[in-house]
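Listed features, source Swiss-Prot:
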- Glu107: active site (ACT_SITE)
- Asp11, Asp106: Mg(2+) binding site (BINDING)
- 1-188: domain 'UmuC' (DOMAIN)
- Tyr16: site 'Substrate discrimination' (SITE)
Amino acid sequence: MDTSRKIIHIDMDAFYASVEQRDHPEFRGKPLIIGGDPNKRGVVATCSYEARKFGVHSAMPTRQAAKLCPNGIFIHGNMAHYVEVSNQIREIFSRYTDIIEPLSLDEAYLDVTENKKGMKSATMVAREIQQTIYQELGLTASAGVSFNKFIAKIASDFKKPAGITVVTPEEAEAFLEQIPVTKFYGVGKVTAEKLHRLGIETGADLKKWSEWDLIRELHKHGYHLYRHVRGRSNNIVNPHRDRKSVGKETTFEFNVLDSRVLEQSLMQFAKKVEERLIKLQKHGKTVVLKLRYSDFTTITKRLTLNEYTNDTSQIYQAAALLLRESYTGQDSIRLIGLTVTNLKPVYFENLRLEGL
């Protein structure tokens, strides 16, 4: 395990909402919710910390957010402006290193092992970047500093907002033992439920399990979780990263025959894929359905749409059509997956922020 890298994960604090509060004094100190009209279909893209005190969070339906926070201010937001500010932040990063891996508009990995300023301390680099962003742009960022990307990302969320958390190689395993497994990369709702049923709530619980037992229970997720909780993870920051597809799949605890259960899974996947596509500022044209039967036979079917989309309904309808054409109901399904590929950037004026 290489522990020599110095990696920073920078995560802007409530980015879209913070930009709006910076630019519009009337929003400051008030519960601001970006996600469109609460009387129409929509999902919260992000919200200010004032709104979060009421239980509002990203990916929540705007109608639910309005019930939790009746005095909330709802706006659609301005994606083109957020992109502009994100580029300004990226320029600040580039003063320290060219090894930058953006994850979205508001977060990125930086490898500062050999940085342009010749600074030996990654902690000092992170602190200086935070200060520069605040001084020049009037925005706050949180930072995680460690020797691999997985730990740095978890650490950046530890002291929000405007915090900095450093995890050295010597501290890594103890740090990870206290973290809820729901914070681990790749642990979604389904995996979290499986872990809960197994009595695994924290990294410490996870660490008690052997690699083989985790793989048996959780398949590939088990392999990755075994490595993550021991601080063994990818430490290569990739400045050329570009997502070619966005997808979601799950292995059922019990084999499934009921097509309605499969359709429900596809709807959940379509919502998650839409959320990821919008965060990446992309839309896609090809929907791919993956089915694995109880005998481990795997098929994939794809449908290319007439136009690009990042809309839940359109993605689901295409996937459901593929399911109806592919699945007879005679053999049980072990795994189902949905992927959108053939991606390209979204034009700002067409971005469906209100539908995140």
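Heads up, the Cβ atoms here are built off N, Cα and C, so glycines get one too.
If you take the Cα of Asp106 (Mg(2+) binding site) and the Cα of Tyr16 (site 'Substrate discrimination'), they are about 8 angstrom apart, rounded to a whole number.
On the backbone, the CA of Asp11 (Mg(2+) binding site) and the CA of Glu107 (active site) stand 4 Å apart. Rounded to a whole value, the Cα-Cα separation of Glu107 (active site) and Tyr16 (site 'Substrate discrimination') is 12 Å. Less than 8 angstroms from the CB of Tyr16 (site 'Substrate discrimination') sit Ile34, Ala45, Thr46, Gly77, Tyr82, Asp106, each of them six or more residues away in the same chain. For Asp11 (Mg(2+) binding site), the count of additional Cβ atoms within 10 Å of its Cβ stands at 21 [all protein chains shown]. Most buried of the recorded positions Asp106, Glu107, judged by other Cβ atoms within 10 Å, is Asp106.
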